[in-house]
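Shown next, in structure tokens, is the structure this report addresses.
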């Protein structure tokens, strides 16, 4: 919640090459080496660089020494932090050349957030600007700033106060953010701006975005590639939101045999989109299957066949007759425009095979003209395939939580994706580093069934070592997709995560094991200390349904964060929902990374109530005493120093460094730009 300037470098170009997460991580390495030796020289660099993951698998120490000596042959010369960063960039560039060139593009499907050697696609930027202009033009606040000019820096300048990104998240998944919690003024002070960005990042995680390497300071600075990377993920989630059986039961038409229904349910949305496209192409007589959104669409033929069968009334024979791909692409876009599809891309984008833009275009066509027949029997059958509401909510929560850990794999469907055990091993390694024996683990794709069982057996074995309740549970239960047992295991893993995180705040726990009772006692004590009368007996206490206790708790840890003029008495369902949505947004705005829904508060789901309380507790215990107890005025907010960041960089803050040991335990990782946990975790990706 504090104002944060981050690690500053005098050379602005050099500063622009790194995110704050990367700068803090490299600064930590540099200071550690300096503390050991009294200074850092060019001769020390090979050994330091060899300890970074980015280089140790590509270069020997002698190769690194040779590369660095080319630019600075005096090995005894002392270097400062900026020289260290330049050496890192130099070595990173040479390393990229060694493996055939760096991959500079960030993917629409899972946006990369590293800044090194980054590029920005102007075509993609134009798409996102057009999308924002279209969907947010009637917003009461943003209408004063729209439309944005796609050929200027309007987008990045407007994103700096956080309002645009918060509003865009609500377009993608309506109701994610209670807009009453967004600070909307023409001029925001640093405190309010930081709150908006914290709310944005935690809400983005809550809809499935990968934001591991993005901090609030990166958004404040308007870093183009990071902002575009985040926007691309948000828009993707919006465009693909209906590509599932629950929202579009007509997708059952894509299934030829009953045995394929489960496969369809478990496909990620972009794969369903490809399946939909191939379904219609096959009916149209197109012989080549489309397996991607880039090379297979470059010649425009697949588009021509698809549009001809979906909208034959707008068909033009010349589209397929022409031999010029550019001309065909132009005719395809003309055809789509007659179908009322917004023109977000150009013929050049199709010919060049931009996967991001093509995916967006195909999704637009799907929304405009899916080509499905309405069949009541199929709709009813699809509805029968859905899980009960509570199971679906828990699956969603655990899916988003696992994805927020920053593991390599991405979870689309918990019940299907964990069955080979690999994702669970990745999650366990994040929550309990060193617990997984990777030599005995098999990485997907896994063809041999017994290898999946071996992975899952190791998952169960580690769970028992962590004292999970796993009586009569075997690895084969996970392989078979037993939903009840999978949810039970994931809840215990998440709860372990929470308690371990709090235990590692030794300034509070003094290293003793934490329990649910400790969290409950802390929450009641915190509220009582402010003179409020609300208290709870357990995390099942029905009085929690009206939300008043949580609002009292949030106000207790940060008095200025709750606007009591917006709070209702919670006496009926509508008032309870208003309070619940406000609580979730205020907690995220504070810096809590949480994945519950308003229904979890209204219905008093004890598991989700525990995660919310623990997240607030964790945030509170990290704050300097002055910041918790004193409400700063807007005039003084900009002068607040982020104490935990400073101490983390210098390796002196016990609680932050200890939190780092459990690697991004996700009660407050990217929402707050203050802990070392995200730095240590991201060293694995960066280095």
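Backbone N, Cα and C atoms are what each Cβ position is placed from, and that goes for glycine too.
Annotated features in TrEMBL:
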COMPBIAS  635-649  compositional bias 'Low complexity'
DOMAIN    122-239  domain 'Calponin-homology (CH)'
DOMAIN    267-370  domain 'Calponin-homology (CH)'
DOMAIN    392-498  domain 'Calponin-homology (CH)'
DOMAIN    513-621  domain 'Calponin-homology (CH)'
REGION    632-655  region 'Disordered'
Candidate ranges 267-370, 392-498, 513-621 - greatest C-beta contact count to the domain 'Calponin-homology (CH)' (122-239) (under 8 angstroms): 513-621
Residues in the domain 'Calponin-homology (CH)' (513-621) grouped by DSSP into helix, strand and remaining coil: 73 helix, 0 strand, 36 coil
DSSP helix/strand/coil residue counts for the domain 'Calponin-homology (CH)' (392-498): 68 helix, 0 strand, 39 coil
Averaged pLDDT, computed only over the residues in the domain 'Calponin-homology (CH)' (267-370): 93
